[in-house]
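So the structure is just underneath, and the comments pick up after that.
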Amino acid sequence: MEFSIARLGTAGDGIAAGADGRPVFIPFALPGEQVEAEPAGKQGEGQAAALRTVLRASSDRAVPPCPYFGHCGGCTMQHMAIPPYAAWKRARLAEALARAGFADDGAVAAPAVTPPHTRRRADLALRREQGVPVLGFHARASGAVVDLDSCVVLDPALVALFAPLKQVLRSLSAFRREGSAVLNLLDTGPDLLLRLDAEPSFADRTLLADFAREHGIPRIACAPLKGLVSETMAQLGPAVIALGGVPVPAAPGAFLQATPQGEAAIVAAVLAGLPEKLPAKARIADLYAGLGTLSFPLAARARVAGYESGPDAFASLDAAARKSGGRVEAFRRDLSRQPLTVKELDAFAAVVLDPPYAGAIDQMPALAKSRVQRIVYVSCNPVALARDTKLLHAAGWGLLRATPVDQFLWSSQLEAVAVFARQK
Ligand SMILES: C[S@@+](CC[C@H](N)C(=O)[O-])C[C@H]1O[C@@H](n2cnc3c(N)ncnc32)[C@H](O)[C@@H]1O
């Protein structure tokens, strides 16, 4: 069947009108294209169709640089040239903020797009298939794992570990059928957390210690597939990352912004969102502070109170804060169960929040009522951003500017920094 692609959906699929008027979602098709596609089942309110032939290509079409494109679910937008891709991300942020009530009157900036080969954090799926380890990202809309030997978005220092890691996994008795490998590229080198489906044996521990020595990996830890607590298998040196110039010890699998360039763009947009002049005694709250990616840079402008609920992240933030001169203070607090009150918030000149994917719905009512000068919302989910900031709009807050940050290159993910001030 032939289709004319009208627009892109939020997952990056081309959308055409079907014969019954309902939308047809066609992955890898671009707006303006005429394509041939075959029905592939239901998708939400409409139908899915698999692209067969591009009959008339858009000038926005690009040659995908990765041999796994089309199978690997990691990057689904490599068929789109970067300028229209960046414009699509900007438009999606503007749409999300419009849903919250904020008109796009020039407040939404062009995205900061991170370059290929820079991703320093990866959660790779592991499978054992006929005894042979498979390592990679999940296939698009499927539980299958695409076995990778290369990757155009990950830092080459992490890609270099793919082949030797598969080799050592062959012999690990703790890896039976499935697992995952969380790789974080810290300043001290690659940090590896293996989530495996059995207990590591003594022989496994020896194998992993040898593997760490051979490949210059300062630390390898293991955890059960769904367990929270990890056990160190090999520790040859510290596992540290500098955030805002402060060395922070990172726990295995710790959350990091996905690329150094993305982190720099987020930090720059957050700092630019603060009031120009802050009184000498001003304090800033950093909610959902993690290891202190934002707390330590913010400390250059004012004293910072960083709130975090994760035990490992809190321990890292607290340890680094205590050694860094007293400008940052860490508080362990679950902001869903015990959000900061209006009175607590009003003690701050500005509040920065960087919630997880689910957003900050429990914290938003008090924030909306507060009299802080600025709210800087760092978002990794436009749906949660729209829902949460709707409350700010209703309470009289205005949008000063919003910056899309594209650190998951060629994906449909969208991150952003949005800055709000009271209008009434
Ligand atoms: C998107 S990360 C941001 C971390 C940090 N701001 C950064 O840029 O690296 C979200 C953080 O929120 C923390 N978190 C999740 N739920 C929370 C809650 N209910 N209360 C406080 N912190 C929470 C997570 O542990 C994680 O560190």
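Using the three backbone atoms N, Cα and C, a Cβ is placed for every residue, glycine included.
Taken from TrEMBL, the feature active site, nucleophile applies to Cys380. The S-adenosyl-L-methionine binding site annotation in TrEMBL covers Gln257, Tyr288, Glu308, Asp354.
Using a 10 Å Cβ-Cβ cutoff, Gln257 (S-adenosyl-L-methionine binding site) registers 26 neighbours. One residue stands out among the binding-site residues Glu308, Asp354 for having the most other Cβ atoms within 10 Å of its Cβ: Glu308. In this entry, Gln257, Tyr288, Glu308, Asp354 make up the residues listed for S-adenosyl-L-methionine, with the farthest two CA atoms of the set 16 Å from each other. Taking the Cα atom of each, Gln257 (S-adenosyl-L-methionine binding site) and the residue listed as 'active site, nucleophile' are about 10 angstrom apart. The distance from the Cα of Cys380 (active site, nucleophile) to the Cα of Glu308 (S-adenosyl-L-methionine binding site) comes to 17 Å. For the recorded site, Glu308 (S-adenosyl-L-methionine binding site), the DSSP three-state label reads strand. Same-chain residues that are not part of Gln257, Tyr288, Glu308, Asp354 yet have a Cβ within 8 Å of the Cβ center of the S-adenosyl-L-methionine site turn out to be Phe255, Asp286, Leu287, Ala289, Gly290, Thr293, Leu294, Pro355, Val378.
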